[in-house]
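Annotation source TrEMBL lists FMN binding site at 9, 15, 16, 17. TrEMBL lists 1-199 with the feature domain 'Flavodoxin-like fold'.
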Ligand SMILES: Cc1cc2nc3c(=O)[nH]c(=O)nc-3n(C[C@H](O)[C@H](O)[C@H](O)COP(=O)(O)O)c2cc1C
């Protein structure tokens, strides 16, 4: 299995989402999955913000692009190829101010490309990432599980679902570690243990033959 592993926490080794994403990969290996990992640390290799040149180039038909436009899109082309080449994607990130880290947003802006990750056809949009298993691993300070008073403030889950549905990911899986900050110590430990159990379960599922 070729796995694209993306981390987006601004923190280093002590990050919850990075620790849990490493745990998930260990679980896959323990389940006997033959893994090739394509790793991207968005804290180091941060895709650029959308620029005017990018906006013009991306919506120009590939046959009509100038050399300059092609150059503008080159890094995004390469990132799209990495995602499309993967059999599975692990996207690990903390919640920042109710949504995703800005580095992960620039990643989405780079991989959402007409005639590459989605086709704009007369019948409508046809996302191309239909083959990939996708797991979103998120870490949150608050407890935003259904039934909790702050649950409505989770703008991360719907944003990820919408952005990836557009490029063809219809059934992503989510493991959300919460509450990891705004809670008593026992609740944090429980949240981490719950996340590890859920990750082990997803690893077992991914290890099943297709
Ligand atoms: C800048 C910043 C913004 C944050 N915003 C939120 C938030 O909106 N909601 C929340 O529940 N936690 C928030 N947190 C807490 C983190 O999501 C939480 O501590 C998480 O475990 C961090 O993951 P990491 O250790 O992988 O970086 C925020 C943390 C930081 C540093």
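Placed from the backbone N, Cα and C atoms, the Cβ positions cover glycine too.
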Exercise. With the FMN site defined by 9, 15, 16, 17, which remaining residues of that chain have Cβ atoms positioned within 8 Å of the Cβ centroid?
Worked result: 7, 11, 18, 19, 20, 21, 92, 93, 94, 139
For this session: Taking the Cβ of residue 17 (FMN binding site) as the centre, count every other Cβ atom within 10 Å, in any protein chain shown.
Result: 24
Problem set entry | For residue 15 (FMN binding site): intrachain residues, at least 6 apart, with Cβ closer than 8 Å | 7, 9, 94, 139
Problem set entry | CB within-chain contacts under 8 A for residue 16 (FMN binding site), separation at least 6 | 9, 94, 139, 177, 180, 192
For this session: Measure the Cβ-based neighbour count of residue 9 (FMN binding site), defined as the other Cβ atoms within 10 Å of its Cβ.
Result: 23
